Amino acid sequence: MSGPGAIPVRRAALWWRRLAVMTRKELWQLFRDIPLMGFLLYSFTLSVYITGSGIQTQLRNAGLLVFDADHSLSSRELIHRFHAPYFRFDGEIANPDEGFQRLDRGRSMVLLDIPARFQESLLAGEPVALQLLVDTTNSPQGLSAAGYAARIVGQYGQEAALARIGAPDGSEPNLPVIASDHRVWYNQDQNETWFESISHLLRMITIFAMLLPAAALVREKERGTVEQLMVSPLTPMQIMLSKVLAMTAVILCAVAVALFGVMRPVFGVPVKGSVPLFFALTVLFVFSTAGMGLFAATVTRNQAQVGMMTLLVVAPMLLLSGITTPLEAMPAWVRNLMALSPLRYFIEITHGILLKGAGLQILWQPVLAMTALGGTLFGIGTWRFRKQFA
């Protein structure tokens, strides 16, 4: 092909060829950084496994102390209902003061105080007051223990009342009963490892998507090679884009290893939706977060400052975007502020694709929001980079 029309084609081909060469160079430099590659591999494999298998928010084996002043058949039956896996029987105590001391020392979590005349009051239909003391130093576990205990006591009290009127199975026709037919969707076994492993994967993607491009650019500044790049035939866009593309490729490989090497075979995390769609939207999220990394690289001078800047930006995103705490539980101003976080939308997208099997016809709103926000962030980072080095 010849003529004036061939010149733009050759220029475009040369532009992309230079970009490909620079991207391969960035990949080679990254693979030569053994400590960074080791940390990356750990973060997407062993760290995902430890987080998924080690973090449990459900109540398990809460230590239970009992002070039984009644020593009746009814009190024995009630005590036996506090069993595994939620409670661990730590024994009976001779007086409440002993229980207070053990709660203070953290040796047990729950103290159940059964008063005298407990069975007599039940049989007579009189109100009975039980005392339940719960150590809520760990507030989620303590609140769960109090909730389970209240449910156990309430159910036992209802059965005792029905037995007193001659309907031990609750089948008396003149007693109205409301049946709760609840169904659990998307995670029928309520497996915590699914949520924890997915959440940790999102954390790692966010951290490395911002840290790797920023560190690569600052490394050029530290070595003094960025000036050499700027006087080369390469454009600022090629220099910047080659680093982002290389880091994106590495992050995608790490995500694939975490998802198909740890989360699915070990924890049984399902992938109900489209795998290509998930990875395509992961690329979009990485580019969105990389824009913040590019901006950080232009306002920092060394890699230590990049690390601090990443921590300053990423920590609020991880805490407030909905990974650890539902957005609905946050104040309105925090929810409005987190509308500027691409992670907020990527969380919804990831859960929708992996656990619900959702597609673009359902997820188009968060995808559109993340696209607009990501384009803005990446554009700001690109503008700042070109302004500083052009």
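Any Cβ shown, glycine's included, is placed from N, Cα and C.
According to TrEMBL, the protein carries these features:
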DOMAIN    162-388  domain 'ABC transmembrane type-2'
TRANSMEM  200-218  transmembrane segment
TRANSMEM  239-263  transmembrane segment
TRANSMEM  275-299  transmembrane segment
TRANSMEM  311-334  transmembrane segment
TRANSMEM  362-383  transmembrane segment
For the transmembrane segment (362-383), which partner among 200-218, 239-263, 275-299, 311-334 gives the most CB pairs under 8 Å?
275-299
Candidates 239-263, 275-299, 311-334; stretch with most C-beta pairs under 8 Å toward the transmembrane segment (200-218)
275-299
If we skip the immediate neighbours and take only residues 6+ beyond the ends of the transmembrane segment (275-299), which ones have a Cβ under 8 Å from one of its Cβ atoms?
205-206, 209-215, 217-218, 221, 240, 244, 247-248, 251-252, 255-256, 306, 309-310, 313, 342-343, 346, 349-350, 353-354, 359-360, 367, 370-371, 373-382, 384-385, 387-388
For the transmembrane segment (311-334), give me same-chain residues lying six or more residues beyond its boundaries with a C-beta closer than 8 angstroms to one of its C-beta atoms, as numbers and ranges.
199, 202-203, 206-207, 210, 292, 296, 341, 343-344, 347-348
